[in-house]
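*Asks:* Sharing a structure, written as structure tokens. Questions coming.
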Amino acid sequence: MLVLGIESSCDETGVALYDTHSGLRAHALYSQIAMHREYGGVVPELASRDHIRRVIPLLEEVLGKAGATRADIDAIAYTKGPGLAGALLVGASVANALAFALGKPLVAVHHLEGHLLSPLLEADRPEFPFLALLVSGGHTQLMRVDAVGQYTLLGETLDDAAGEAFDKTAKLLGLGYPGGPAVSRLAEFGNPGVFDLPRPMLHSGNFDFSFAGLKTAVLTQVRKLNLTDSETCYQPRADLARAFVDAIVEVLVKKTLRAAREHGLKRIVVAGGVGANRQLREGLNAEGKKRGLRVYYPDLQFCTDNGAMIAFAGAMRLQADPAQVQDGYGYGVTPRWDLEDIRIRHA
């Protein structure tokens with residue numbers, strides 16, 4: 001079965017073809033980072049317009065790479081939500097039009113499910129059940145995953161997501177857009193232990209997160225030491241970035257390992273843009289190894305939004321239960337969507 005996947009939830013336009021027999025056939029991605037950089041963040045209207053410009057050329061590129069035609073497509077998957085409403089509508093419109101014209105099944109995919117299942121694209125893939133840490137610009141969640149469509153929320157952020165905290169800290173430190181990678185790069189040159197930042201909710205007794213207080217602590221230090229001059233204050237800013245990354249990684253690592261232990265899970269999946277962070281990967285790998293846990297990640301190119309994860313998630317849903325996941329034709333999108341709402345009833 002050859003499944004076309006279309007991703008357009010925010011500022012990346014992604015298209016891919018996934019074959020349930022041979023794996024990922026082809027994928028293409030266009031990032032809008034350069035366009036949004038001058039505004040310091042994503043401008044929804046500009047994002048939507050750019051998706052319109054890019055999606056069809058990307059579709060043709062992917063078909064060419066795969067040596068396939070539109071007639072070869074067996075099903076079409078698209079991101080229905082969560083995300084920016086206008087951006088989602090672009091992908092939904094193209095997917096619906098293609099599915100209707102070709103008479104093919106249409107699968108609405110939850111964006112976070114795409115991230116959650118993306119490590120299964122790798123040759124060394126985890127078996128169910130596993131614990132998933134979803135860390136991105138808009139979400140920070142711990143999920144128990146028993147099968148495709150069987151997700152149990154164990155904990156989530158009560159305010160800022162981890163990626164959002166990275167982006168806001170980048171602005172406080174006068175770094176560029178996108179902020180997450182900029183903070184991580186600066187932190188590489190920082191000295192540990194110079195600043196003592198809080199570890200919010202580290203000992204809360206549950207698996208929820210909170211990063212707003214950590215961001216405020218960074219702001220306090222920036223104002224106290226007047227760290228706004230990127231030229232004369234380089235080392236103190238690097239030290240503060242290091243303290244921020246150390247704090248956020250410690251919270252993510254310890255809560256994830258605690259959740260795995262308490263739920264008897266030996267496999268951990270890390271997905272989402274923050275999952276590309278080197279410090280987070282090293283921390284989870286080292287501490288997980290001590291406890292006999294395996295930690296799995298998607299390829300770095302699939303940590304951020306992409307069409308491959310949507311094509312794959314759509315294919316997995318169709319295989320799990322075609323009758324229940326087929327979406328019919330319609331242009332509705334769901335900008336706010338709970339992952340637990342998409343459960344598949346397994347026999």
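The backbone N, Cα and C atoms fix where each Cβ goes, and this holds for glycine too.
From Swiss-Prot, for reference:
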type    : residues                                                       : note
BINDING : HIS111, HIS115, ASP305                                         : Fe cation binding site
BINDING : LEU134, VAL135, SER136, GLY137, GLY138, ASP167, GLY180, ASN277 : substrate binding site
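Relative to the rest of the structure, where do these features sit?
*Replies:* Within 10 Å of the C-beta atom of HIS111 (Fe cation binding site) sit 27 other C-beta atoms, taking all shown protein chains into account. Look at HIS111 (Fe cation binding site): DSSP puts it in a helix.
Under DSSP, GLY137 (substrate binding site) is assigned to coil, being neither helix nor strand in the three-state scheme. Cβ environment of GLY137 (substrate binding site): ALA161, GLY163, GLU164, PHE166, ASP167, GLY180, GLY273, VAL274 lie under 8 Å away, each six or more residues apart in the same chain.
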*Asks:* For ASN277 (substrate binding site), write down the residues of its own chain that are at least 6 apart in sequence and whose Cβ falls under 8 Å from its Cβ; none is a fine answer.
*Replies:* GLY180, SER184, VAL245, VAL249
*Asks:* Given the binding-site residues HIS111, HIS115, ASP305, find the one whose Cα is closest in space to the Cα of VAL135 (substrate binding site).
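*Replies:* That would be HIS115, nearest by Cα distance.
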*Asks:* Within 8 Å of the Cβ centre of HIS111, HIS115, ASP305, which other residues of the chain have their Cβ, at the recorded Fe cation site?
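*Replies:* These residues sit around the Fe cation site: GLU7, SER9, THR79, LEU112, GLY114, SER136, GLY272, ASN306, MET309, ILE310.
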